[in-house]
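These come from Swiss-Prot:
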- 84-113: repeat 'ANK 1' (REPEAT)
- 114-143: repeat 'ANK 2' (REPEAT)
- 145-173: repeat 'ANK 3' (REPEAT)
- 174-203: repeat 'ANK 4' (REPEAT)
- 205-233: repeat 'ANK 5' (REPEAT)
- 234-263: repeat 'ANK 6' (REPEAT)
- 265-293: repeat 'ANK 7' (REPEAT)
- 307-336: repeat 'ANK 8' (REPEAT)
- 337-366: repeat 'ANK 9' (REPEAT)
- 367-396: repeat 'ANK 10' (REPEAT)
- 398-426: repeat 'ANK 11' (REPEAT)
- 427-456: repeat 'ANK 12' (REPEAT)
Amino acid sequence: MTNTFYLLPVEIWVKIVNFSNETSLLLTNKEFFELSSLINVEQNIFEYVIRNDYWHILDYVSNLEKNKSEKYPIVCKFKEYTNDLFKYVIEFCISGKLDSIKRLVSMGANVREHNDVALNRAVENGHMDIFEYLISKGADLYANKNTLVRCASYGGNLDMVKYLISIGANFRENCDTPLIWACHNGHLEIVKYLVDQGADVNSQSHKSIITASKMGHLGIVKYLVSKTTNIDWRHNYAAAFAAQNNHLEIVKYLVNEGANLEIEDGCIIRVAAKNGHLDIVKYLVSLGMEIGFKKILIGTSNFGVVNKITPVIGSAVEGGHLSMVKYFVSIGATIKEKNYAFVKAAEYGHLEIIKYLVSQGISLEKKINKALIVACSKGHLEIVKYLVENGANVKTNEGLPLRQACWGNYLDIAKYLVSNGADVTSYDNYALKTALEKGDLETVKYFIYVGANVNDISSWDLKFISVLGRSEVLEYLKSTFNIKLS
């Protein structure tokens, strides 16, 4: 291979390596290796060497460094990367490469950086040999707020959990967080062991049951329920999270155990509808849950509805699930009262649902202008077109559709509205002034072109635009219309 190197000039080999982005070519012999200081490939050669366990390459570079009579560019290049050895320590703690960690330590890596986080990664991934090595290097068992059992529980290594507890690690830190993480990742045997050791399944308002339900671990849910007798099903969101994530069997199990379907006025069926889980919705409907128009109050942002008059069908519309909407209509859900679903579909950009609702006989006259306003505010051009073509008034509410489009910076919608009769001078030239405030030169030029009055721009407007830092539009006004700050 040495002879091959000399078949071409160095400059050609550099171009070949740069073009192919193939670092391995540099490792074929020392002649090619010396090109390392000349190439411009994206890959970090030092990183490539370490991650592939080419320690003999590092030994070679180390020997070059010892030769004080000559300067080798590759030595300097490798030295640039030795200040970041700890990130490779973390990688090897995760992948379980103890020998590589030892080599990094011999090169000067500090395994205790960032409050012994390397220890956590080794524990999380179940590498006992690395754990013991790090402890021998002074790592603190109680660093990072004594979270080692949490890490082992998260990673699912029962033997590591047992060992840590046997040497005094806290398995109940932060209100039984290790138990919750074991529930989250589905490690039933660790859950059982922690409970046997004294972990409380009721901690954090039954968060372990809620977490297992959310993640779909039916076996863990059953085990936890069997270990508690005081669940307040009136306020337990386990079934709601199970419904949200399409875990039908868990929903059924929790209902059989007494879960309250009317929690927060029916958020269980709402989250199932919003996320498109038709089987769960059908199951809940079979139990008699109301789907009509009703007042609900949900005191948590988890389910996206707060203090609104909301029919369940609105949740299906919000999620864009046409089949769910059709199902609700087929079993009698109201879609005509206040046209709530229609406006909701316009807000969330679901044109096919709008067309379906129209086909089912809703009256466009009632809420079409409101639907137009919300569609403009959200940037849904195709819905705006559909509504205008079906009678929506682009001048409604003193030109509010255009104002909403301007505020959202939706120039395509603004152009469409203007082409259909919207007045760019309405509401004290709001369209132009909003474009100026946002600093959008293209939009400013467009509104002036179609008739916005630049003479309505006051000195106060200019000062406000200046405070906002819109220098480009200010310069345009000055150079084109001689309008400038006084």
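Glycine is treated like the rest: Cβ placed from N, Cα and C.
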Report the mean pLDDT of the predicted model across the repeat 'ANK 10' (367-396), rounded to a whole number.
96
For the repeat 'ANK 3' (145-173), sequence-distant contacts whose Cβ falls under 8 Å of one of its Cβ atoms, 6 or more beyond its ends:
119-121, 123-126, 128, 131, 179, 181-182, 184-187, 189-190, 193-194, 197-200
Taking residues 6+ outside the repeat 'ANK 10' (367-396), which of them lie with a CB under 8 Å of any CB in it?
338-339, 342-343, 345-349, 351, 354-355, 358, 402, 404-405, 407-408, 410, 412-413, 416-417, 420-423, 426
So how many of the residues in the repeat 'ANK 1' (84-113) end up helix, strand or coil by DSSP?
21 helix, 0 strand, 9 coil
